[in-house]
């Protein structure tokens, strides 16, 4: 159980104080995860009404196509099927070539499914029929997609509004384009409305994520139990994947990360093919899906069964970062501030270890701690592992890698400049920080949000030398001699999925051991 902190102001060290914005004084609650029975029907109609409330429109037609059947270019083979998440949110149907419509005025939700001919069953099997879909999904009607165009002709009359996520999803074909010339096509309102609806989970969604986290946590435990007998990163991945698959969770929410040694310093390392021998720790980041809902858990394991002095010191700092931040989770907490708190704890720890040096206030003002804690503290979890955040940002950060055309990961980069801007925006009396469109500002936590808390400290030689040791502003605060001892550790990250409850939080991933329990499991003493 993490320490409960009930103060608005927490003294971090002798040079500053952290202001945590909280709108309630209730104490957080952590409970042991128990997986309740999975609800029988997907609450599509409840989701539709949440979307309608966010659209704030009394009329119009929402149209969402599902993922079509696909083949690779010049091939008769195709990728593994992955349903479009916005479509799934409004339907619950996890098979190809479907669509869903929602009539705002009549509150009528219709799922459109493909008709499966007998010869298709021979080759590919069948998909749920109309009667089965009505049992599985809370929709008003289920019809075949062969009837969809006729439905659209009848409902898209001059002056009506069609809501779609993307312009290329407008269901206009042939001469229908001319007849729909007076239909208003809205491609800007639906996605923000759906994002806002998705950010606070329904009870069904919480149950799905709870189940995904429970399966993933037990798979993490299985890896820890077998660790001393494993020789390669690939074996860690295999043990984990096998447990998930046999537990009914074949799909992973993201590429499994099993980075040992130097690879532990790469945030999205996923080659998972190097030997473990001679290395100190492995950062193991993996979370399965359950009915399309994600989980996201990270543990850092000592490969020999015992942490080295350097690895233990770093692990303790990261554990402190996580424990203290989780203890603040409750409705009304400004997540923005938790990242700043984690950064302060990281700096304090690195100064104590001697990796950082100098006047603490000057080190903080420079933002040099971002060399070692270079990503956001966490993100929403839902139908995407890095789920939508609604009209407000959890951390108010641009996706810098994506903006520059690079590979996009599930963590947001935090530079010294970004950290400084966050600190300035969080100062008492400061106005709400500006956010990039279409977001409005900083996000306070609400009941039934699910967020990760995933602090980490990394020693990536290329990153530190390329951007910090080469810059006099930061180099003067880094002790290169001490730092050299820590490169061998690679990195440490600890991550859990946290549900915001009425008056606190519930850690959904406690089944994955960490800390002293992790050491006992690895060494067969649990």
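Cβ atoms are placed via backbone N, Cα and C, with glycine included.
According to Swiss-Prot, the protein carries these features:
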- 285, 296, 495: Mn(2+) 2 binding site (BINDING)
- 296, 454, 495: Mn(2+) 1 binding site (BINDING)
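Where Swiss-Prot records a feature, it is marked here on the structure.
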residue	record	CB count, 10 Å
285	Mn(2+) 2 binding site	25
296	Mn(2+) 2 binding site	29
454	Mn(2+) 1 binding site	26
495	Mn(2+) 2 binding site	24
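Take the mean position of the Cβ atoms of 285, 296, 495, the recorded Mn(2+) 2 site; other residues of that chain with a Cβ within 8 Å of it are 286, 287, 297, 298, 452, 454, 493. Of all the binding-site residues in the list 285, 296, 495, the shortest Cα-Cα distance to residue 454 (Mn(2+) 1 binding site) is found for 495. Excluding the listed site residues 296, 454, 495, the same chain places 285, 287, 297, 298, 378, 452, 453, 493, 494, 496, 497 with Cβ atoms within 8 Å of the centre of the Mn(2+) 1 site Cβ atoms.
Classification of residue 285 (Mn(2+) 2 binding site) by DSSP places it within a strand.
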